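Chemist: Just dropping this structure here.
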Amino acid sequence: MSFFSPHNHHSSITRQLSFGSLEAVNMELDKEFDALPFGVDYGRLENGLVYYVKCNPKPRQRASLALAVNVGSVLEEEDERGVAHIVEHLAFSATKKYTNHAIVKFLESIGAEFGPCQNAETSCDGTVYKLLIPIDKPELLSEAIQVLAEFSSEIRLSKDDLEKERGAVMEEYRDNRNADGRILDACWTLVMEGSKYADRLPIGLENVIKKVSSQTLKQFYQKWYHLSNMAVIAVGDFSDTKSVIELIKTNFGHKYSALEPPPIPHFKVPSHDDPRFSYFVEPEASESAVMIAYKMQADEMKTVKDYREKLVKSMFCMALNRRLFRISRRKDPPYFSCSVDSYDLVHDLKAYVMTSSCKEKGTLEALESMLIEIARIRLHGFSEREISVVRALKMSSIESTYLERDQMESSSLRHDYTEHFTNNKPIIGIEYEAQLQKSILPDILASEVSKFAEKLWTSCSCVILIVEPQAFAGIDDMKNIVMKINKLENKGSISPWDDEHIPEEIVNSMPNTGNIIEQREHANIGASELTLSNGMRVCYKCTDFFNDQVLFAGFSYGGLSELPECKYFSSSMGSTIAEEIGMFGHRPSVLIDMLAGKRVDVDIEISNYKRTFYGYCSPFYLEAAFQLVYQLFTTKVTPDDEVIKRAMQVKEEAILARERDPYTSFSNRAREINHGNSYFFRPFGINELQKVNPVKACEYFNTCFKDPSTFTVVIIGKTDPTVAVPLILKYLGGIEKPPLPILHFNSDYIKGLPYEYPKSITREVVYSPMIEVQCMVRICFPIELKNGTMEEEIHYTGFLTRLLEAKLLQLLRFKHGQIYNASVSESIDGDLPCLTGDICGDIRIDFSCNPKISLKLVDLALNEILRLREEGPSDQDVETILEVEQRAHENGLQENYYWLNQILRSYQSRIYSGDIGTSFKILDEGRSKVRELLNPLTMQLALQRIMAHRNQHTVVILMPQTSWFNRIKSFSQWTRQGIDMKIVAAIAGFTVLALSLRRYSKQSSEDRGFNCRELTMFKGLFGKTKPETNALTTLDKLNETLEMLEKKENVLLKKAAAEVEKAKEYAKGRNKRAAIQCLKRKKLYEQQIEQLGNFQLRVHDQMILLEGAKATTETVDALRTGAAAMKAMQKATNIDDVDKTMDEINEQTENMKQIQEALSNPIGASADFDEDELEAELEELEGAELEEQLLQPATTAPAAPVQVPAGRQQARPVPQKRTAEEDELAALQAEMAL
């Protein structure tokens, strides 16, 4: 099978000339753009639906569809906050035609994967449903458009659908309640203050998500989802657009709204003169940060003048960003990174936002520097050289877009048409836009760009936010900084910008050109392979997937795994320090200007087993890319104290930020349990940073990219061999080979990392302090791949991960509705290449969930995997994963990245024996063979073979930090999979130790006369001795108390009922005042009833506690032998030993205090109740029922049964039908509530 892509070596040159020969356009600034979008079939049906249809061949045999709805969260009322997002979720659950997630099953069956944020998104102003589908079968496009039609008007929104999806929505909400989510909320509220947008983030409110009714969802859906608010977008590899438009008309044309749709309201965000300040303390923040936002009206794009102003603003941001980057690379910089960009926030509002990250306690300094730079531009402007650099960048960007105008992805065009519909952004066509920019850019002067700074005053709708993990300053300090900069600017005391000298050439001294020692052609993959005179091997493949893209990567075996611990930490920092110093022979702040206008980027990576350089470029800047590679190999990185200080500061701040993250302790512990405690796997902390020797780090880096004979380079893209090969010989072949080999490793003898995969079942809960509840579950299964069938086993492992992910999503998301997403991935011995023996690794399952049900979800997941081992998957399961894999493979064949990775993999495979073509062929045949053999039985056997040991897995769960008593209670949730017996033994041992020490303390205080300090400590640990109480007698007493409380409750219920009857009578007689007094007395009785109910719950809890204590006592009796043995040992212990022991158990003392506190508070079911939530739920239910009755007085419905806590009897009867008097009384009560 030949994968060679035909190409024309001269086509790229022709396109380059075609851009250069573009004629200038008429520069009439008042000329208006066409309101209709360019280059797409656009229209509107009689029912108001807008459609966009365009033929686009990339990717082949695929279509990108969307239903855009101008309905977002800003339209929600207070009790609907989050409803727009929930409707979007439920669209995929059930519609009139598709039930029980049949839409998801349809998408998966045709190879269109379903996943979070892949198929729909809700914003403040709109909702977009997206599908990317294959269209090699005609019926697929028809059904996909039918799905969009169902979304438009037929989403079911039933109570059952809602209850199944609540958990998933709630989990998405919880995922957003981390540090970044809280910072985003604070920022959004500050920016949008004074408008409805301020409290209408799409995710909504927790209380609404948990309690909103399906009726509320239906009302919102029916009110706003009208075809006049919608557009269907279809971009794909269609044979023609007419047939697609007919499909849209067939599925949407007959739909009409029963009622006239309400107009979409417009919500303004008010401007403000005084700046708004916020100092936000976020203990879990990933960095100390500063944000300055300048709000203004969104750009109108109606004329050429508007387009020119947009270019000016874009150039301003680009020029300012280059300054900010240089400042961040100075000695003792005010920030580590800083940038400015424009954002379209909502309709008609955008903001230019400057953000920076800095060291702790450095935010005020960062704020001052950011404001000074804006003021500096107002005073002195940009230089012409700065603007010439930016002009070159803009021209280069539009040139690249123009060259690939016929190769745009359908999903990109779909996005453009969506923006046209939702935000009225014009579509004028790439050709015309290229002509405009080519005509306008040369005439834009530095003074015009600098003038935009006049719109960035802190007195013009400015918002300033500081985020710190601890409070080091305040709002007054921020205000003082603003006043300080204003004074400096008014006095003209800010100096002009000092430009750096920029060298013209990347390479100062041209290399000696190498030559070709051997050349081989691999026709089956359309690639050529060169062996150069310095030993470097270069493989290149010419493609025509993109006219302006060339990808390349070079690798050599031997990485960090070869290093002993004494060198590891310094060497692992080598690439970070080298990048800061300038690994290409020039400082980063200088290099960015040297490469201005050149579409090229090169980077490096030093991993465990390989050293790699990689990058991309335009075919016209291939020389610049190879020059950078040449510089990488010939530059000797020399330590620079200033640069090293900055690099170490950045690393230290990153470490501190990681330690603030609740997930850090979880990931660290999971890594240790699953991979061992070698220094390779330990987290890089402050202690490790202190071990770093910058000199040694640079020395190691200088050896990593020194010997070209050890490197293999792969180049993929739009290359002309007559141009590329001479450049390869000049720059790659010109790298001198050292006299002696450097880091020359044979792939068969690479030192593997000391992985220690678990040999048994290990389960552990990691408790981490956190501001808001988060919970993460990680389940790992060790796997083993046999040497003889290694490549096939790797394919089987890939299919297994797809199967497990699909089945766990079906179970935990779609059936139980308790997670938002689950990911399953495989790691095969850390990507160790070319091993000759068996390979180990693991399959990892990750999902977040409600911590209260995490253990149950673990059990469900493990049971599902056990079921698959014993029963195997279904035929449909296998067909689905085969289809998904095939569609991904087809897409990959059209991408340069895919070919780059496949050829690299062929070189790095253990089957490679010198012929890349043969290696590639064997790997491709192995994939085909596995696909042919894949069926439910072979999948089941693969699961049993690869995950061979059913009793080997690890479960690590991240939980919020709680008291020790609550942790012990949580152990009871482990089901038949069991809890680690080491934990059970530890609990028993601690109990025995506590009881034994208690007895010993009593005896010692009598016989040896403990001093006051020691005696006080023991009393604090165990409490005073109390006379024993018979448990059965106490339970009888509690039962008597419970009966008494229930009798009192019944009496009060009767009194309350009597007051209701009196109120009815007074209401009939129109004596409103007397009726209100009766209802007030009824309220008082109900308060007493509620109090008695609480007392009963407390008694129930005490009874449960006593029964548990009795069971505990029996357990302790069973351990009496151990206690006696402990007592015998303690008799031989003198007072000094005890004193020493007391010091050692200081920590245990504190834990026992927590246990005592837990015992002194209510526990059991009542401890989990949030009284405010219960009250709010009750009020909402009563209000909803009352509202329904008031709106529909002629219709009555049976009352819903009241759920009461377990162990408590329902004390009052529930009426089945309301009378007219009761309706009247309800109206009276509603009037009282008002």
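The first residue you see is number 1, and the count goes up from there.
Quick reminder: no glycine exception, Cβ is built from N, Cα and C everywhere.
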Chemist: So which range, 391-422, 647-678, 1191-1222, gets flagged region 'Disordered' in TrEMBL?
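Modeler: Feature region 'Disordered' in TrEMBL: residues 1191-1222.
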Chemist: Do you know which of 112-165, 166-219, 1138-1191 TrEMBL annotates as coiled coil?
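Modeler: Within the set 112-165, 166-219, 1138-1191, TrEMBL attaches coiled coil to 1138-1191.
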Chemist: Have a look at 860-887, 888-915, 1028-1055 and point to the one annotated coiled coil in TrEMBL.
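Modeler: In TrEMBL, residues 1028-1055 carry the label coiled coil.
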Chemist: By DSSP assignment, list the helix, strand and coil residue numbers for the domain 'Peptidase M16 N-terminal' (58-178), in that order.
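Modeler: Looking at the domain 'Peptidase M16 N-terminal' (58-178) with DSSP, the answer is 56 helix, 21 strand, 44 coil.
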Chemist: What average pLDDT is reported by the model for the domain 'Peptidase M16 C-terminal' (699-881)?
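Modeler: A mean pLDDT of 90 is what the predicted model shows over the domain 'Peptidase M16 C-terminal' (699-881).
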